[in-house]
Amino acid sequence: MVPLDKDNQDICPICLDPLKEAVSTDCRHLFCRMCLIRHMDKASVSGVLSCPVCRKPCSETVLGDNYICHTHQKRVCRFCESSRHLLCEECLQSPEHRAHTELSIENAISHYKERLNRRSRKLRKDLGDLQRLKAQEEKMLQALQVDWGSHRPRTEQQNQDQTELQQKALPRHWLDQREDPPEEVAKVFNFSEAVTQLSILVSSLERMAKELDASTLKDASDLLDRSSQQKLEGLLSHVPPANSKLS
């Protein structure tokens, strides 16, 4: 373990790497949160918690409120995948959790970060496929628009018949040619909606993977549920099956 001095104040004395999620002990020494958690796990066996640098007594509360069980006021050490709750040692003794699968905090963060990254890579590929399909539909619609323009006059009344939502989503000249939007216009509009929603979902997955810690494990689990293939079938249900090639 490296001694603390002015030249390495941004270095964790335990892992010797730049501080990640830095936390300060009661004696004001800084550590990576996960490094300090692992230290406390080992120290809890002896029942004596102390600073790894100066050996002064150290409280579990320095980890932060999100790492303390609000029921028993003890440090959380496991994440229950069934209930999606952070558990302390006393929680683990409850009959409610004995049949559940629990991961250590460190393993849970690693496990869910990998799942989030894997899901975001998959959906980003799907998003690219969807954007290409949307571009194809737009080209077809542009070709049809030229044909409509040579046969159908544009009237002021026909312009007023278009909904405000469609006017925002598509170029106005595509919607001005007839009283009811053609099937091709609806397809492009639906693709645009799907692309927007899927883009938001991919961004959320990527951001969650980067910022994941113990306090957001439940949110990560919920996000993985929302981005499952079964849920995405509902998101993309308005895209014609013949045109949708998403896996």
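Note: Cβ is positioned from N, Cα and C throughout, glycine not excepted.
Per Swiss-Prot, the feature zinc finger maps to 12-55, 64-105. Residues or ranges marked as Zn(2+) binding site by Swiss-Prot on the basis of sequence analysis: Cys69, His72, Cys91, His97. Swiss-Prot lists 111-148 with the feature coiled coil, giving sequence analysis as the kind of evidence.
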Secondary-structure category, per DSSP, in which His72 (Zn(2+) binding site) falls: coil
Position of peak Cβ density within 10 Å, selected from the binding-site residues Cys69, Cys91: Cys91
Cβ neighbour count (within 10 Å, all chains shown) around His72 (Zn(2+) binding site): 13
For the zinc finger (12-55), residues assigned helix / strand / coil by DSSP: 14 helix, 8 strand, 22 coil
Counts by DSSP class (helix H/G/I, strand E/B, coil) across the zinc finger (64-105): 8 helix, 14 strand, 20 coil
